[in-house]
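As structure tokens, the structure follows; a few thoughts come after it.
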Amino acid sequence: MSSFPEVHASKHAQRTLQPLTELTDKMKPSHSTKPLIKLSMGDPTADGNLVAPQILVDEMVDIVKSKDFNGYPPVAGFNDARQVVAEYWKKFCGTPGRKDQIHWRNVLLTSGGSHAIMLAISALCNEGDNLLVGAPAFPHYKTVCDSYGVECRYFPLDAARNWEADLDAAAKLVDSKTRGVLFVNPSNPCGSNYSRAHVGEIIEFCEKHHLPLISDEIYAELVFKDEVFTSIADFDTDVPRVVLGGSAKHAVTPGWRIGWLILVDRKEVATAWMKGMDRLAQLLTGSNSIGQMSLVRALTKIPQDHVDSVIAQLEEGAKVYNRLLKHDIGLSFDAPRASMFIMLKVDFNYFKDIATDMDFYEKLLDEENVQVLPGEIFGVHGFVRATTSRPARIVNEAVDRIIEFCERHKK
Ligand SMILES: *Cc1c(COP(=O)(O)O)cnc(C)c1O
């Protein structure tokens, strides 16, 4: 018998929860004999219908073969990489004056967008502080907040108005411990894309309450036909703003772990925040050199045809869900305008034996072997999230099963 005492995990580790893993771990085997269809998936590479642009792949291979970039990059990233990200982001800033607000020294290369989220939050908030986050929210925001002892304080987004922020409700949540506002546009999980007017309203809110803004814009390229994306970088305001992005979605390379953050800070009031993010980036000694150099060579050269083809497939997937609306089955939604997801609103009055998102999720999985994600993971109730990035024939099969499922549970 060993007398070695048990080793405990730190509080920091114990309060770092992974909602998706927990849900999957709890998953009971389905009673259905039908093959599993995951509409829960967030990985665009899963089916092979969406692929990385060839130029990016070729450049990465070339960079590896050259052996020229096997050393440590600077913690903030190679200057070349920071410059190329700064140049690239200017495409989302309409007028010349606004383009000048983006300085490459305020760009930091990260290990994926998730790392950028972690740096932006942890360099801004102390334990006990709170961050205002629009819900439904990408689950990683709460995971990071919980991990650092920061309160992820949700304010509602309105499903009936293209998921716009209810800023009156948000105003009531501001207190002396509020350190900033975080939102995602275009949205995972909502599939929304905000108008310039609404992004302007969010910035005015931050001006009024003196709150810095973090905007996750990783889906900037993936807005549907006739939609226009508006970046928070494209405004004349003194509000210090951090824009988050990466290669995971439009360049279909989530596994490469390439992301970035850009501080836009016209009045230079947030240099300490930038320095803080740079300090915290040292914990990983920066992000990988090969990925950074791939951006340098390819980021601004990804053909529009590539991006258009990704968008076309996402729109095709999204359109399949319209079939749900042709049946009276207790499900409704606004057509998605961007990103890879759709939030389905569940009307519990329709069902005889489904009263929560979790019920809907568990029963659908058990009876039809279709996996969606319950709203509670995103900080809301009465909704489930489904993916639009899977091939249309798979979504079609899933939609058939969802229709049968709902009809079977009708009151
Ligand atoms: C996918 C995603 C990210 C970042 O993902 P990484 O794989 O870490 O680059 C960030 N925000 C949202 C909303 C996402 O959907």
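Every residue, even glycine, has its Cβ placed from backbone N, Cα and C.
Unlike curated records, TrEMBL annotations are generated automatically.
Annotation comment: TrEMBL describes 35-402 as domain 'Aminotransferase class I/classII large'. For K249, the entry in TrEMBL reads N6-(pyridoxal phosphate)lysine. The region 'Disordered' annotation in TrEMBL covers 1-33.
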The region 'Disordered' (1-33): DSSP-derived helix, strand, coil residue counts: 12 helix, 0 strand, 21 coil
Which same-chain residues, if any, lie at least 6 apart from the residue listed as 'N6-(pyridoxal phosphate)lysine' yet have Cβ under 8 Å of it: P44, I218, Y219, E221, L222, S339, M340
Cβ contacts under 8 Å made by the region 'Disordered' (1-33) with residues that lie 6+ beyond its boundaries: 40, 139, 142-143, 146-149, 362, 365-369, 373-374, 377
